[in-house]
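Look at TrEMBL and you will find 295-307 tagged as compositional bias 'Polar residues'. Annotated disulfide bond per TrEMBL: CYS41-CYS68, in sequence order. What TrEMBL records for 248-412 is domain 'F5/8 type C'. Annotation comment: TrEMBL describes 278-312 as region 'Disordered'. The signal peptide annotation in TrEMBL covers 1-34. For 459-480, the entry in TrEMBL reads transmembrane segment.
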Amino acid sequence: MVPGARGGGALARAAGPGLLALLLTVCAPLRLQAEELGDGCGHLVTYQDSGTMTSKNYPGTYPNHTVCEKTITVPKGKRLILRLGDLDIESQTCASDYLLFTSSSDQYGPYCGSMTVPRELLLNTSEVTVRFESGSHISGRGFLLTYASSDHPDLITCLERASHYLKTEYSKFCPAGCRDVAGDISGNMVDGYRDTSLLCKAAIHAGIIADELGGQISVLQRKGISRYEGILANGVLSRDGSLSDKRFLFTSNGCSRSLSLDPDGQIRASSSWQSVNESGDEVHWSPGQARLQDQGPSWASGDSSSNHKPREWLEIDLGEKKKITGIRTTGSTQSNFNFYVKSFVMNFKNNNSKWKTYKGIVNNEEKVFQGNSNFRDPVQNNFIPPIVARYVRVVPQTWHQRIALKVELIGCQITQGNDSLVWRKTSQSTSVSTKKEDETITRPVPSEETSPGVNITTVAIPLVLLVVLVFAGMGIFAAFRKKKKKGSPYGSAEAQKTDCWKQIKYPFARHQSAEFTISYDNEKEITQKLDLITSDMAG
C-alpha cells in the first residue's frame, strides 16, 4: 500500500459532508431564483374587467422548476368568471406540477394530469390568486385562461373558433389580450372569415374590438366561399384560405366606408420627391398621388435620410368634420422602388385648433401603428375609439429606404344619427361595463345632480300646483274683500288678469322639465359636443 493512501481516503471521507453542505448552500439560491413567482408566467394582458393569461412558452412545453403567481381582479361588487381554454399538465398527483386558484374564502384545485377540470368557474369574489407550479417533467403545454366580470356571462376564451357554434347568429364577449395567442385566421373584414378561424383574433383583425380592451362581438354565420384572401390588419396577419362549407362575418356600426379624397386640394405633404426614369423623364411623387385607389407611383418624401427622425408628414383635409374609423396604407406600389413606411402615428385637428396626437386608451400614450412590410400589400389599422376631425396627418416613424405612402381613410359622415357617439371607458369606481365600442345617445340624459331613480318632474309639478293654488286663493280672497267694500260683487276684467291669471301663468314659466334635447345651431356648439369623442385619447 502506498503510504498516505489510507490517510487521503480518510481525509476525503471527512471532507465529504462538508463539501456536500457547501454545494447545497451554493445551489439553494440558484433553485430559489429559478422558482421566483413570475418566472413561470407567459402571455399576460389585463384590463379593468377582463384579461388573458398563459403559462410560459404556451403552447410549447412549459419549463421545469418554475412558479407563476398572479392576482387578478375585476371591479368591486362584481363576481369573477374564469374560463380555462386549455390545461395540459403532465403530473397525475399535483404534487409538484399543478394549477391552483385561491380567494379569501375558497380554494379551487389543484388541477393537473387527466383529472376532470371545470371549463368555467363563477367565483363569489372579485379577486383571486392564480398559482401555477412546475417540477421536473418531459411534456405539457401548461395552461391558458381568460377572465371577466359577471357583467359578461357570455365570455369565451381566445381559442374558440366559429366552427364550435351551430347558430347562424350569436353574440359573445372576447377578453382583452387575444391578439398574440397562437392560432390562425383566414379571410378579411369584407369577404368574411373561414369558420376555422379564431373568433376573437378575427374580431381584432376586423377592427371590431381592440386587443387591449376586449369587447362584445356579434357574429353572422354564412355559406362558405371558394377562396379567402388574407391581409395584415391591426397587428394580426390573416392567411389566404381554401374552400370551406361555412364562413362568418361581424356586424358593425356601418361606419366603414371609404372617405373620398380630392387630390388637387385635400392632400399636402411636408416635402415630395422627383426621380428620373430610364428615358430621362422626371417622375413626380407628389402628395396628390397618395390616394390608394389611383394607379402609378405614390407620394414619397424628399428626404431619404436614414436617421429616422419623424419630421415628414402627409396631411389630408376632409373638408368638414368626419368620423374616421380606420386607415389603409401601402408603400410605393412600384416594384423597382422598394419604399414603404413601417410604423407611423396619427395627428388630427379641427378648425382653429391645435394638432393632437392619437393616444392609446389604456396607457394614454402616443399610439404607434404597425405599417407596411413591403411596397405592395395594403395594411389596415382601425381607430378605437374613432377620430372625429377635419384634418388628419400621417407621421411616419420608421421606414424602408424612403418614405412612400398611399392611403385610404375609412369612416362616415357625421349625421344626426351618429353625432352623439361617445367613447365610454369602463369605470373602475362605478364598475360599469361597456359592451359596445360606440354607443348612440338616443334619449335624454338626466343631470348629474339628479339622484338615481328620482324624476324631478314628478316632484316639481305637484309643488308648483300647490303654490299656485295658495296664491290664487289669497288673490281671489283679497279681490273679493276689496270689491265688497265698494259694493261690487265682481272685480273688473283687468283686476282678474293682473291678480289671478298672472299668478297662475308665471310660476310655470320659472320651472323647467329635467328633460332636454341637444341641438346644434352653430359650429361652436357642435364642436363642443363632438370633442367629447376624442377627449379620452387626446392629451
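From the backbone N, Cα and C atoms, a Cβ is placed for every residue, glycine too.
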- Could you give the residue numbers and ranges of same-chain residues that sit at least 6 residues beyond the region 'Disordered' (278-312) on either side and whose C-beta is under 8 angstroms from one of its C-beta atoms? 258, 261, 263-264, 267-272, 328-334, 337, 339, 345, 378, 395-399, 401-408
- Task: Report the member of CYS41, CYS68 (the disulfide-bonded residues) whose C-beta atom has the most other C-beta atoms within 10 angstroms.
- Result: CYS68
- Go ahead and report the DSSP secondary structure tallies for the region 'Disordered' (278-312): helix first, then strand, then coil. 3 helix, 7 strand, 25 coil
- For the domain 'F5/8 type C' (248-412), what is the mean per-residue pLDDT, to the nearest integer? 92
